[in-house]
Structures are given as structure tokens and as C-alpha cells.
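Below: the structure, in C-alpha cells.
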Amino acid sequence: MGDWSALGKLLDKVQAYSTAGGKVWLSVLFIFRILLLGTAVESAWGDEQSAFRCNTQQPGCENVCYDKSFPISHVRFWVLQIIFVSVPTLLYLAHVFYVMRKEEKLNKKEEELKVAQTDGVNVEMHLKQIEIKKFKYGIEEHGKVKMRGGLLRTYIISILFKSIFEVAFLLIQWYIYGFSLSAVYTCKRDPCPHQVDCFLSRPTEKTIFIIFMLVVSLVSLALNIIELFYVFFKGVKDRVKGKSDPYHTTSGALSPTKDCGSQKYAYFNGCSSPTAPLSPMSPPGYKLVTGDRNNSSCRNYNKQASEQNWANYSAEQNRMGQAGSTISNSHAQPFDFPDDNQNSKKLAAGHELQPLAIVDQRPSSRASSRASSRPRPDDLEI
């Protein structure tokens, strides 16, 4: 048997990039397959053809009968099985090395951009693209490769192919040999002159090893299935929690109830901005709501609020008896909210409006009227 150290070193590197189930599968592969195959099994099948005897003196009869009974040796069959079930894992390891190589290139490019940034060059967009690529390849900040995206798909595909190869080799072994060996094999094949009986050496020992390798194959298949379900449900769980792609941006417009950072919004929808300036024409205590004119519901509400504000303003102007008011009647006309630049231009061209004091509209009592000697604007002159 050849040296397994090269394959063992390659598979050992996969340990750092596998799940718990993958690590157990690799342990089973190393201990119960490669190690056992290189020591006990090979010695048990070392004399399989030389100890295969038939009750005939015809030259070549034993060779053709052995070829009919064992088209391929059990040892070589298990070697092929180990190689085939290890190839998907090696392909996954190649993908990991590819991602690590991409990481080195991205880190080198990022360092060059940071050097250019210190010289005053605007490279924020390029740095952001590098971060997105790192997340796409599954590279974390500390340089560790995380299983997600294309790397996760490669891992799932490798598990599927390992399971397929395990099932295929079990079926082939059952079709060619069965899962037990007989002590006597009957052969009738040219150049044998007649039907001959051939005898196998150590059939019981070989049957025990066959059953043991069968159990190991079933255990490996079960580990692959468990790991497949584990990786699948873990991916679904991460996607539900929103951890799959933090750089993903929604294309739809934000709702006014969530976008509270804008300067124009409706505070009645659950947003409030303590930094938003009040309108210069509104008296203290009033809240003149503003909103996005493209939103029909906010626009209707703002028109009603503006009508009420203008009605309050005109009523106070009439009560104070100020002539030359900018409001000619007590019914304010609804208007749409212009931009801030238009408001400033209109205020500069017209009269500057003074803030109004809040007047108590409740009728005063007689006692308070007699007690107060101050003249009121609505008193009649005699």
C-alpha cells in the first residue's frame, strides 16, 4: 500500500474550515479507514491470490476462477472508495485556498488605497467595494474565512457528493461480493476441463473486516446526512435573522414612520425632530407640521393644519386690531408648502411677522373686569 501522508496532510487542513460534523467525519476517515486499511486489512488480504487453490492441475484454471470470483480486490476497492469520498472535500479545500488568495489580493489593494487616502485622494467608494467583496467571499475582519455565500454552497455540494459516493460504493460492493465471503467457490470456465472447486484462505477473518468497513461506511453516510441538515437549517436561520447580507439595501422608499432623519416629515406619524426649526410666522406654542408634498395623505393633513394655523393667526390679528395685516379676511386659503428658499424670499419681500402671544379666549368674569384698569384694544371710547 502506498503512503497516505500526502492525502492526510491535505485533509488535515480542512479541519479549520469544517463544521463539527465535518471534523468527526474526517476523524472517522483517518482512524477507521486509512489507518485500519494500511495496517490490518492489507495484511489480511496480502496472500489472497497466492492462497487461492482449486482442485485441478490445469494451467491457468486458478487464475480465471480467481478473476471470476473477485473482479477487484477488496483492498483496492476500499482504496478507490476512500479516494472518491475524499475528492469533494479536496475540492472544497481548493475553494478555501482560492478565497484566501483573494483575501491577500484585497488586503494588498486596500493598503494601497489607504496610502492614497492619506495623500488626500477620495477612495471611500473603492474601500467600500473591497469590504463588500470580502463579505461576499466570506472573509471576516480578523482574516478568518467564514462559511457563507459561495463557500457555503461548495461545502453543501461536497457533502452531497460524498453521500452519493458512499451509497454508490456500498451498492457496488453488495453487487460484486455481497457482505460475506464463502470458504468454497465453484468455477466452470475455460480453460478448466470441468467444474472445479476453489478454496479461499481465512474467509472468516476477511468477513469480519468486510462487516467492519461496512459499518464505517454507514456511519460516514449518517454523519454526512446529519451535517447536511445542520448546514441547511443553520443557513436558513442566519437568513431569517438577517445575517446573510448586511450590505443588502432595499430598493423601496422608506416609510415616513421610519425615516425620521429627514427635514420634511409629518410628526403625527410617529416621528419627531427636536432640531427642526419652527416656521417664522407661527407663534410660540404652535406646531406647524410639514411633510413631503409627494405623499397625498401627508399633504391633505398639512393643508388642514395650515388652514387652522392661518385661521388662528387672522383671528388674533383681528382681536389685536392691527391695521394693514397681511391677512385680509378671517378665512385662510389653503396652500401647499413651498421650499425653504421660497419662504425666505417671501418673508424678505413682505412685512416681517411678529410672534403672537397666546390669548386666553375664555370670557373674563365681572370681578376681574372691574378690577382691571388697563385699557383694552376693543374698549369703546366715550
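Using the three backbone atoms N, Cα and C, a Cβ is placed for every residue, glycine included.
Annotation comment: Swiss-Prot describes 362-374 as compositional bias 'Low complexity'.
Swiss-Prot lists Lys144 (among others) with the feature SUMO cross-link.
Sequence-distant contacts of Lys237 (SUMO cross-link), defined as residues of its own chain at least six apart whose C-beta falls under 8 angstroms from its C-beta, are absent. DSSP assigns Lys237 (SUMO cross-link) to a helical segment in the three-state reduction. Under the heading SUMO cross-link, Swiss-Prot lists Lys237 (among others).
Residues or ranges marked as phosphoserine by Swiss-Prot on the basis of similarity to another entry: Ser5 (among others).
Per Swiss-Prot, phosphotyrosine is recorded for Tyr247, and the stated evidence type is similarity to another entry.
Residues annotated as phosphoserine in Swiss-Prot, with similarity to another entry given as evidence: Ser255 (among others).
Residues or ranges marked as phosphoserine in Swiss-Prot (evidence: similarity to another entry): Ser262 (among others).
According to Swiss-Prot, the feature phosphoserine maps to Ser306 (among others).
Over all protein chains present, the Cβ of Ser314 (phosphoserine) has 18 other Cβ atoms lying within 10 Å. Marked as phosphoserine by Swiss-Prot: Ser314 (among others).
Among the features that Swiss-Prot reports, phosphoserine is placed at Ser325 (among others).
For Ser328 (among others), the entry in Swiss-Prot reads phosphoserine, with the evidence type similarity to another entry.
Per Swiss-Prot, phosphoserine is recorded for Ser344 (among others).
Residues annotated as phosphoserine in Swiss-Prot, with similarity to another entry given as evidence: Ser365 (among others).
Summarising the annotation, Swiss-Prot assigns phosphoserine to Ser368 (among others) and lists similarity to another entry as the type of evidence.
Per Swiss-Prot, phosphoserine is recorded for Ser369 (among others), and the stated evidence type is similarity to another entry.
What Swiss-Prot lists as phosphoserine is Ser373 (among others), and the listing cites similarity to another entry.
Note on the transmembrane segment (208-228): residues 19, 21-22, 24-25, 28-29, 32-33, 36, 40-41, 44, 74, 78, 81, 85, 156, 159-160, 162-163, 166-167, 169-170, 173, 177, 179-181 of its chain, located 6 or more positions outside it, place their CB under 8 angstroms from a CB of the stretch. Across the region 'Interaction with UBQLN4' (264-382), the prediction's mean pLDDT works out to 50.
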